[in-house]
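Noted in Swiss-Prot for the protein shown:
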type	residues	note
BINDING	GLY11, LEU12, ASP13, LYS14, SER15, GLY16, LYS17, THR18	ATP binding site
Amino acid sequence: MSRGALIVFEGLDKSGKTTQCMNIMESIPSNTIKYLNFPQRSTVTGKMIDDYLTRKKTYNDHIVNLLFCANRWEFASFIQEQLEQGITLIVDRYAFSGVAYAAAKGASMTLSKSYESGLPKPDLVIFLESGSKEINRNVGEEIYEDVTFQQKVLQEYKKMIEEGDIHWQIISSEFEEDVKKELIKNIVIEAIHTVTGPVGQLWM
C-alpha cells in the first residue's frame, strides 16, 4: 500500500488557506483524504494559544513559540500514522507558520527550526500569495492581524522558500478564484499520485 501525502497550505492571515483547503476536500472527495489545521485549539496547548491570540492572556514570545510548537508535536504521531496508512493529509498551517511568525518577532530562525526538527516532513507546501487588498484586510481582533507585522512575516516566509530544502509551490494572487481553485486541485492530485518513499523528517 502506498503512503499518503502530507500537503501543507501556508500564507499570511486571510490569504485564503482555509478556503483552498476546503475546496480540495470538496473537489477531491475520498475517504483517503483528511483535513487538519493548526493550531488545534481543542487541546490543552491549543486553549492556551487561543487565549493568547484572542488577547485574553499574555505570554512572553519564547513561551508563545514553544506553545505553537508543542501543539504541532501533539499531532506528530497521528500525522505519521495516517500517512503510513495511505491517508493524505491536507494541513492548514504547519511548522513554517511557527518559524515565520517567531522570526518576525525577532526570534532566531535557526533556533525556531530546531524546535520543529523531526516533525513529519511535507511532500508539498502550497504558499498562497496575498495581494495588496488581502494584506490590507489583515486588521482584526486577533493579536497577529496587523498589516506591518504581516509584512515582516512575509519576509521570513521568503527566506524559507529560498532555502530550497522543501518542495514549495507558490500560487500567485493574480489568478482569478476559479483558475486558482483548479490549478491547486491539479497540483494536489499530482502530489498525491507521485508521492514515494517513507515519510521524511523535517529539518533533520
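Glycine too: its Cβ is placed from the backbone N, Cα and C atoms.
Where Swiss-Prot records a feature, it is marked here on the structure.
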residue : record           : Cβ within 10 Å
GLY11   : ATP binding site : 26
LEU12   : ATP binding site : 26
ASP13   : ATP binding site : 22
LYS14   : ATP binding site : 20
SER15   : ATP binding site : 24
GLY16   : ATP binding site : 21
LYS17   : ATP binding site : 22
THR18   : ATP binding site : 14
